[in-house]
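**Student:** Questions regarding the structure given below will be posed in turn.
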Amino acid sequence: MKINLDRTSSGFCIGVQGTIHVAEEKLAQSGELYCLGDVVHNEVEVKRLEALGMETIDIPAFEELRNAEVLIRAHGEPPSTYETARKNNLAITDTTCPVVAKLQRTAKMLHQLGYQVVIYGKKVHPEVIGINGQCDDEGVVIKHPDLSDPEEIAPLDLSRKTALISQTTMDVPGFYELKRNLEKLFAEHGHRNPGTQSGEWMAVRDIDITAEKTGALAMPKLVFKDTICRQVSSRNGKLRDFALANDCIVFAAGRKSSNGQVLYSICKDANPHSYFIEDVDEIRPEWFVGENGKPVESVGICGATSTPMWLLEKVANYIDKTFGDGSSNPNA
């Protein structure tokens, strides 16, 4: 049984890498550090850092904290968090992902320009909370691209100029499905950009938003900006190919990980013999037995952008030593 470890489309993205690196440096220096929320949506990695001295706190604990250093994770935070830190004399170590920080600036400018900001994402996801905070919490968050949830679309004002953006870790097909359905919905109520017959919304760039802000060039009433992180979304096709190339897939990620859910679905769709775990204690021997009753020939190990490579290596070594012959050398 050959163990194949995916090193090209699994493991930390750049944003998470930066956060973990800074956290490790701070802990090595002082042995203690507060983190607002889970530093990454992977329980195994959180526990590793907590063993080094990190203390994970929630919003109520953060609001009571005084004269301490607090890490802001890659997901980012709303403006209210920084205001609380200022009032409470807290030193902020800000590791907001550059892609997320750019998105926050985009959302803020669109809101200031009077656009109703629609966010494709999950309302309770920390990144979305941070983005919506830039819109004074007035953004409309939609998770279902087919507009099937009445509560999600109830706040939509179909008469306002509107801009669609996305949480960085959402799926690209879902974003464009939502765009098409919003175009149709607004057009049905008589709202479309001038000169368009079927209600197409205009794609805008940062330079267009800046031009609108400075008065140099006006944007249409209905616009969209694809803000999904391409470092994340580019993994989709590679992971699909990886899943197809192996008899069995073991996908390691935290169950809180939005990106993990998306990537696991891709694996499962490509290869029904795909299994989700958080750690090695969830691995089952029957996964590695083929329909002929013999061991499968290949097992692929992969994970999310929030899954540390050391955990994937741990999973690969465990499977090789426990169910294989120990000769696969998955760390090569």
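Positions of Cβ are set from backbone N, Cα and C atoms, glycine also.
Reproduced below are the annotations present in Swiss-Prot:
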ACT_SITE  Glu127  active site, proton donor
BINDING   Cys13, Cys97, Cys229  [4Fe-4S] cluster binding site
BINDING   His41, His75, His125, Ser257, Ser258, Asn259, Ser306  isopentenyl diphosphate binding site
BINDING   His41, His75, His125, Ser257, Ser258, Asn259, Ser306  dimethylallyl diphosphate binding site
BINDING   His41, His75, His125, Thr168, Ser257, Ser258, Asn259, Ser306  (2E)-4-hydroxy-3-methylbut-2-enyl diphosphate binding site
**Student:** Around the Cβ of Glu127 (active site, proton donor), how many other Cβ atoms lie within 10 Å? Please give the count over every shown protein chain.
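**Tutor:** Its Cβ has 25 other Cβ atoms within 10 Å.
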**Student:** Setting His41, His75, His125, Thr168, Ser257, Ser258, Asn259, Ser306 aside, what same-chain residues sit with their Cβ within 8 Å of the center of the Cβ atoms that define the (2E)-4-hydroxy-3-methylbut-2-enyl diphosphate site, listed in sequence order?
**Tutor:** Glu127, Thr169, Lys256, Gly260, Ala304, Thr305
**Student:** If I take the alpha carbons of Ser306 (isopentenyl diphosphate binding site) and Thr168 ((2E)-4-hydroxy-3-methylbut-2-enyl diphosphate binding site), what is the distance between them in whole Å?
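**Tutor:** Cα to Cα, Ser306 (isopentenyl diphosphate binding site) and Thr168 ((2E)-4-hydroxy-3-methylbut-2-enyl diphosphate binding site) are separated by 13 Å.
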**Student:** Measuring C-alpha to C-alpha, could you say which of the binding-site residues Cys13, His41, His75, Thr168, Ser257 are within 10 Å of the residue listed as 'active site, proton donor'?
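**Tutor:** Hits: His75, Thr168.
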**Student:** Can you tell which of the binding-site residues Cys13, Cys97, Thr168, Cys229 lies nearest to Ser258 (isopentenyl diphosphate binding site) in space, using Cα positions?
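**Tutor:** Smallest Cα separation from Ser258 (isopentenyl diphosphate binding site) among Cys13, Cys97, Thr168, Cys229: Thr168.
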**Student:** Inside 10 Å of the Cβ of Cys229 ([4Fe-4S] cluster binding site), count up the other Cβ atoms and send me the figure.
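**Tutor:** Around the Cβ of Cys229 ([4Fe-4S] cluster binding site), 22 other Cβ atoms lie within 10 Å.
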**Student:** Please work out which residue of Thr168, Ser258, Ser306 has the most C-beta neighbours within 10 angstroms of its C-beta, and give that one of the binding-site residues.
**Tutor:** Thr168
**Student:** Measuring Cα to Cα, tell me the gap between Cys97 ([4Fe-4S] cluster binding site) and Thr168 ((2E)-4-hydroxy-3-methylbut-2-enyl diphosphate binding site) in whole angstrom.
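**Tutor:** Cα of Cys97 ([4Fe-4S] cluster binding site) to Cα of Thr168 ((2E)-4-hydroxy-3-methylbut-2-enyl diphosphate binding site) measures 10 Å after rounding.
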**Student:** May I have the list of same-chain residues other than Cys13, Cys97, Cys229 whose Cβ is within 8 Å of the Cβ centroid of the recorded [4Fe-4S] cluster site, in sequence order?
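**Tutor:** Going along the sequence, the neighbours appear as Ile14, Gly15, Val16, Ala74, Val99, Val100, Thr168, Thr169, Gln231, Val232, Thr305.
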**Student:** Given a 10 Å Cβ-Cβ cut-off, pick out the one of the binding-site residues Ser257, Asn259 that has the most other Cβ atoms nearby.
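**Tutor:** When each Cβ's neighbours within 10 Å are tallied, Asn259 leads.
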**Student:** Which of His75, His125 (the binding-site residues) has the most other Cβ atoms within 10 Å?
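**Tutor:** Of the binding-site residues His75, His125, the highest Cβ count within 10 Å belongs to His75.
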**Student:** Specify the count of other C-beta atoms within 10 Å of the C-beta of Cys97 ([4Fe-4S] cluster binding site).
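**Tutor:** Excluding its own Cβ, the number within 10 Å is 23.
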**Student:** List the Cα distance (Å, whole number) between Ser257 (isopentenyl diphosphate binding site) and Cys13 ([4Fe-4S] cluster binding site).
**Tutor:** 13
